[in-house]
Amino acid sequence: MVRDLRKQSHEEVHCAQYIRPGAELSNRTSNTTNGLPDDELRREQEFIDDLYARVDALRGGTEDSVTDALAQGSTPMQARLERDVLVAERSGLLAALNAVDGSLCFGRIDLADPSDSPPSATSSGATHHIGRIGIRADDTEHTPILIDWRAPVARPFYLATGHTPMGLRRRRHITTEGRTVTALHDEILDLGDQMRTGHEDPTGDAVLLSALNSARTGRMSDIVQTIQAEQDRIIRAPHRGILVVEGGPGTGKTVVALHRAAYLLYEHRELLAKRAVLIVGPNPAFLGYIGEVLPSLGETGVLLATVGELFPGVRATASDTPEAAAVKGRADMADVLAAVVRDRQALPDPVIAIEHDRDILMLDAGLVGVARDRTREARLPHNVAREHFEGHIFNTLTDMVAERIGTDPFDGTNLLDPSDITQIRDDLAENPEVWAAIDRLWPRVTPRRLVADFLAEPDAYLTVADAEAVRRPVTRAWTTSDVPLLDEAAELLGEDDRTTRAAAEQERDRQVAYAQGVLDVSYASRTYEFEDIDAEDAEVLSAHDIIDAERMAERHEEDDHRSAAERAAADRTWAFGHIIVDEAQELSPMAWRLLMRRSPTRSMTLVGDPAQTAEAAGVGSWSEILAPYVEDRWEHTRLAVNYRTPSEIMDVAAAVLRAEHADFEPPSSVRSTGVRPWARRTSDLAGAVEKAVADLTPVEGRLAVIAPRALHGVLAARIDGVVAGESPDLTLGVVLLDPRQAKGLEFDAVLVVEPGAFGTSDLYVALTRATQSLGIVHTTPLPKPLAESF
Ligand SMILES: Nc1ncnc2c1ncn2[C@@H]1O[C@H](COP(=O)(O)OP(=O)(O)OP(=O)(O)O)[C@@H](O)[C@H]1O
């Protein structure tokens, strides 16, 4: 049953009264109240000082234990294994401590006093500080001193309202610069509570608005301090099954998905640390843009990849035309590739003659056809099935030889015994002509060979127009839409891993022998005291007693130092613990096939906005994507508040979509800036762009010029310090992009150039990237809905 959360999330939006379009920004950073020294600030500073003293001690201790462990050098195998586990665990803790340093603690909740005594601002035991990771005191109880934001205890920090205080009387946001507390914002949740701190934030939205108005850095930041209730429910939704999160631009889909990854890693650490979480994004620039969010939350063991990076050993460096990408992404390409593979299982035309033992053996289409049919009946992937095909061909040829040399000329019976038959078979196996025939009839094929050959000569499998769209000479430059084809081909072909298996067997024998040697040494080196103890009474066990050589060798095999994410990146058949797909509306049916193979448990979060679909290969509806895999067993939820785009800009963007879809409902903007977007028509495009860039470039923050690709050369020459290219550095002041590259990104100011050249969804994406101001420069007439907006 599909549970539609839409209704619920709309209700939640209404509950979030503290989100008010047009609210004034408040960003207090005083450390005094009414000119008096501020006890509240001082007390929080003392807490933060103590917290960092504990963190520094933890870090020092962790560094020492890692250094000591690594210095142990060559030790017995068991000790080495334990050392590796310790190093991995401690290194993870160190990475987390280092990543969150400087912004460790950001909030506090004061619980309502259960007793009748009047509440006090600082009653100890009734407050919890909330941070990016959890920290415990160095006492015997390991008392928590900082609560991880993901822990259930921290949840009221995000959900409590005056209406539903969830046991809180106050919520405090703590703003720090490095290790210094610079501001406090308190919300009173227990309206009967008379206690005031001098830091009250009457609207409760100062910290959120400050975050939304802050200058952009070219890197997405976490929102752990200001997660909104509707977002929190998505972040903490159960990890099983498929959850679709839909929402317009700027509704926080990406950032919510990233916090969800961090939450799931916390909640299901054991499972997910082993199986890893995969986050799929639309392009490498986008992955760079979001890449710092998880480390800032203390999580590093996540694999971020585009679909083009999910076939180990292949990097998609070339690009496809939209037509080619659309054909390659179609679901029926799976059948096409299956037909291509079947065509590699050939029949002789008309016969193959094999010279053997001064005789000629003829393999004709009838004989080979029987071998082929029997092999296909096993329904194995092509390369794996080859072993069966070889067997059938050897049987056929052995029968032929046996018949020729062993038949009794008098009564027609066969005079050969089983050892003669084995000998004939062995002789045939020595004959290179037999192997050459098998290679022609059932060749081993790699996925790359198969796909490259198919794309070079697609005519037998596609219509004339489709074949024309995808045709290209054999090359090593792969495109993103080739990767799902390679993955499909790898599934159809399988791996003939006989050689690898044999090598692995040998290696295993070697390791068992080595482990046996270790155990023998450990047995021989038992102390005499042990020998003296009567075996019955002995309580001291040697390694020999508790582990055998097989098990010890197995443990050695497990001794792989790579993280789960690293191993997953190198393994095409890896099954991830959870997969998050951003801009999910862009993926083709073939890309979905690839992703579903990586998620056999179907534990996935898909975020996207169908209104922003640009790829011709993209899928139109969520049920169309998901029905083949889970029918209607998936959940849908919607985010409806736009945290990025001020209402003045969103009105213009919404008009563009409404022109095509009259009932289009844009997300409601949380802010208005009072700054109207503008449009200038010009006959000197480059000159007007140069001037507009000067006008729009923020003092602090970033500007994006979003222009058709064909204009990039001309514009780059005229704009000072601009960067352009496939994956431009988004941390620089001015960036030149086309709408596809701008997808998912945001900037303080945006200049859209020649919007008449964009399709509707590209234009919508371009118009919704700015957090503060938007300008448009054009030589050709504006699209009608835009023209009507100015
Ligand atoms: N609760 C929040 N607190 C502070 N900032 C937030 C919050 N929610 C969202 N934002 C900010 O809003 C902006 C938009 O978020 P995000 O990029 O995740 O939106 P999106 O829905 O993925 O947008 P698009 O579809 O356009 O890519 C980001 O700067 C994000 O940090």
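Using N, Cα and C of the backbone, Cβ positions are placed for all residues, glycine too.
Some features that TrEMBL has for this protein:
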COMPBIAS  114-126  compositional bias 'Low complexity'
REGION    114-134  region 'Disordered'
DOMAIN    226-646  domain 'UvrD-like helicase ATP-binding'
BINDING   GLY247, GLY248, PRO249, GLY250, THR251, GLY252, LYS253, THR254  ATP binding site
Can you tell me which of these binding-site residues sit near ligand 1, meaning the Cβ is under 6 Å from at least one of its atoms: GLY247, GLY248, PRO249, GLY250, THR251?
GLY247, PRO249, GLY250, THR251
Enter the number of other CB atoms within 10 angstroms of the CB of PRO249 (ATP binding site).
24
DSSP state at GLY247 (ATP binding site), helix/strand/coil:
strand
According to DSSP, which of helix, strand or coil covers GLY252 (ATP binding site)?
coil
Cβ neighbour count (within 10 Å, all chains shown) around GLY247 (ATP binding site):
23
Fewest neighbouring Cβ atoms within 10 Å: which of the binding-site residues GLY248, GLY250, GLY252?
GLY252
Stretch-averaged pLDDT - the domain 'UvrD-like helicase ATP-binding' (226-646):
86
Let me know how many other Cβ atoms fall within 10 Å of the Cβ of LYS253 (ATP binding site).
26
What number of additional C-beta atoms lies within 10 angstroms of the C-beta atom of THR254 (ATP binding site)?
24
Ten-angstrom check, please: count other Cβ atoms within 10 Å of the Cβ of THR251 (ATP binding site), all chains counted.
26
